[in-house]
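Feature annotation from TrEMBL assigns domain 'THIF-type NAD/FAD binding fold' to 12-405. Per TrEMBL, ATP binding site is recorded for 18-23, Asp42, 50-53, Lys66, 90-91, 113-118. Annotated Zn(2+) binding site per TrEMBL: Cys154, Cys157, Cys419, Cys422, in sequence order. The active site, glycyl thioester intermediate annotation in TrEMBL covers Cys169. The feature region 'Disordered' is assigned by TrEMBL to 526-545, 553-599. Per TrEMBL, compositional bias 'Acidic residues' is recorded for 590-599.
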Amino acid sequence: MTKDTYINKVLAKVLMVGAGGIGCELLKDLILMGYGEIHIVDLDTISLSNLNRQFLFRHRDIDKSKSLTVVNAVQPFNFHGTQLVSYHGSIMDAKLFTLEWFDQFSIVFNALDNIEARAYVNRICLFLRKLMMESGTTGFNGQVQPIFPYRTECFDCTVKETPKTFPVCTIRSTPSKPVHCITWAKDFLFAQLFNDEAQELSAADLSKESDNASEIATLLKETNELAELKAKIAQSDFVHEIVDKIFRVDIERLLLIDALWKTRTKPEPFRFEAYEVELGQVSPAIIDEETTQWSVAENLHVLMASILRLQARINSGKETFVSFDKDDEDTLNFVTAASNIRSFIFLIPIQTKFDLKQIAGNIIPAIATTNAIIAGFSALQSLNIFGNDTVEKSRMIFTSTAANKFVITSTLASGSPKCPSCSITRGIMRVGATQELVLSDLVGALKTKYGYAEISLVLGKSKLIYDCDFDDSLDNTLHQLGFVTGEVIQVNDEDDELESIELYIEVLEADNAIQLPDLVIGEKKATPRAEPEEEHPVPTPELDGDVVVIADEDDDDDLMITNGSSVKRKHEEEEKTTLETPLKKTKLDEQEEEVEILD
Ligand SMILES: Nc1ncnc2c1ncn2[C@@H]1O[C@H](COP(=O)(O)OP(=O)(O)OP(=O)(O)O)[C@@H](O)[C@H]1O
Ligand SMILES: [Zn+2]
C-alpha cells in the first residue's frame, strides 16, 4: 500500500450495509485494515441460528440489534481507533437514509442477503456515482463485484432470476416431491392452524391455477373445515380430529376427482387405527433424533406431541398465535411430521428432521469460511479504489471448489447497454413545496430544461401520471401524486427521439422551486426498463435433491406457495429449482474459461 493509499483510507468514511454472515467478517477486516470511520446499517436482531457463523454475536446477544451489537463486539480489536456509527433500520428507508447521508461515504460495502436491498443500494450508488463493493455467498459459492458506476457492470446489468414458487394445486392436491409436502405443511397446514395472520386463497385465486371446478370446490371445503377445527384448539380431541381430517377425509375427497389421477399415482388415505399398536411402542426420545428417518408411527407420535405442545402454548394465553421458525422445535417438529405423513400418503420419500430444516428454513447452509473469504476480498479490493488505475486493477472474485484453485478472478466488464439501471441517464431532482406545485409546473420545467417536445411520466415502478392522452392530473399537487423523498420518476420522450431519463426525487422542506439536474441527453438508443432478453439465458444450477431457495416478502430463505399466479396447472411440470440469485457467465482473464457467477 502506498503512503497516499494509506492516508486516504484512514480519512475515508465507508458504509457497510448488513451485519450478518458476510458483514461480521467484513467489519472485522475493515477495522483491522484501519479504516477511519465505518457506518453500519442492519434492520435485524440476532437469532440463535446466526451464532454458528456470525462470530461477533454471543448467546447473550439474542434478540438484540445486530448493528448496535457489532460495534461493541469489535472494540477489543479496534487497534486503529476506527470510528463506528450504527443504525438499526432498513437501508431502503429513504427518510432515515437520505441521498445526502449516502453521499458522505467513499465506498458502500454491501453485505446483504436479498436482491431487493442490493438493487436499491445499487441505484442509489448510481445516482451518486459512488463506488459499491457488492458481495454475496450461497453455500460454497461466493463472489465480490466492485461496481464503478457507469464504467463497469452494475448489479442490475445481469438478469436476476425470480425465486421459484410452486403452483398452489401441486401443493394442495398433487404433490410429487418432498418439498411440495414441506411447503404444504409449513405454509398451509401450520399457518392455518396456528398462525392467525395466515391468509387463505379465494376461489378466484384458485381458479387462476386450475380449470377443474371440483378441485377448487374441494380445496375451499378443506380450508373451511380446517378453520372450524381450529376453533376447537382448546378441546382434548383436537389432535385426533386434525389427524383424521387432513390425512384421511381430505385425501378421500381428493380421490373422488378422477381427472387428477389419470396419469398420477393415487394417494392412500391414512388410517389411524392401523398404527395404534405401533404408536404405543414409540420411544418419546425419537423427537430428538434429527438425522434418523422416522417410521410412520414415529412421525405420528411427533406430530401428536407437537400439536399438544403448540395447543398448550396457545391455550396458556401467552401466545395468541405461533409462527413457523426453524429454530422453534415445536413448529419444526410439527412441520417435519405432518410433511412426512403426507409424503407417505403420496408415496414420496420421507425426510429426516435435519434435512427438512434445511429445506423449510435455511435451505442452502451458509458456510462461515465462504463468508470469511468473500469478506476478505471485498475489504482487500477496496484498497484499489484509493490508488491509480482503479478500474483496471479491480477484479471480480469468485470462490472455487476446484481441487487446485480456491478463487478465480476476472476483469470488470463494462455496463450492459440494456441494463435498466445504468443504461439510463439519471440525476437528482430536488423539489420544495410539493403541496403547492402542481404537475403542470413539473411538466413545463422538464420540457424546458431538457428539450423534450412532449413527455410521459412514470412515477415509481409503473404508475403513469402523465402523457399526452392522460392529462387528468395536471392540476394535482406533486404531494397528491405521491412525490416523496426516495421515489423515482421516469421521463420518456413521447416522440421517441431523445433518451429517457430517471430522476430521484428529494423533497426539500424550505425551497419551493423545482431544481433539475444538468444532464446530457442524447438520442434515444435502448428502451429503459426493457424486459430481459432471451439471448442471455440464465443457467439453472444443478442441486441435489429438492434444495431450493424461495423468497417471500419477509424472509428470503422461506418457501412459499404461488399465490394468485397466472400459471395454470398445465405448466406445473415446468417448475425449476433455483438459487436465490441468478447465475450468469463471464469471461475470465486468467483461465480463459467460463465460470458461473453467483450473486
Ligand atoms: N434492507 C435491509 N437493510 C438493512 N439490512 C438488511 C436489509 N436486508 C437485509 N439486511 C441484513 O443483511 C444481513 C444479511 O446477512 P445474512 O445473509 O447472514 O443473513 P441472516 O438473516 O443473518 O442469516 P440467515 O438468513 O441465514 O438466518 C442480515 O443481517 C439482514 O438483517
Ligand atoms: Zn447496469
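Cβ coordinates come from backbone N, Cα and C, glycine included.
TrEMBL: automatically predicted annotations, no manual curation.
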Let me know the most crowded of the binding-site residues, choosing from Cys154, Cys157 and counting other Cβ atoms within 10 Å.
Cys154
Conformational class of Asp42 (ATP binding site) under the three-state DSSP mapping
strand
Measure from the Cα of Cys157 (Zn(2+) binding site) to the Cα of every one of the binding-site residues Gly18, Asp42, Ser90, Asn114, then give the nearest.
Asn114
Tell me which binding-site residues (Asp42, Ala117, Cys154) have a Cβ under 6 A from ligand 1; sequence order is fine.
Asp42, Ala117
Inter-residue C-alpha distance, Asn114 (ATP binding site) and Cys154 (Zn(2+) binding site) (nearest angstrom)
16
Listed binding-site residues with Cβ under 6 Å from ligand 2, out of Gly21, Asn52, Asn114, Cys157, Cys419, Cys422
Cys157, Cys419, Cys422
Can you tell me the CA-to-CA distance separating Cys422 (Zn(2+) binding site) and Ala117 (ATP binding site), as a whole number of Å?
17
Given the recorded positions Cys154, Cys169, Cys419, find the one whose Cα is closest in space to the Cα of Gly21 (ATP binding site).
Cys154
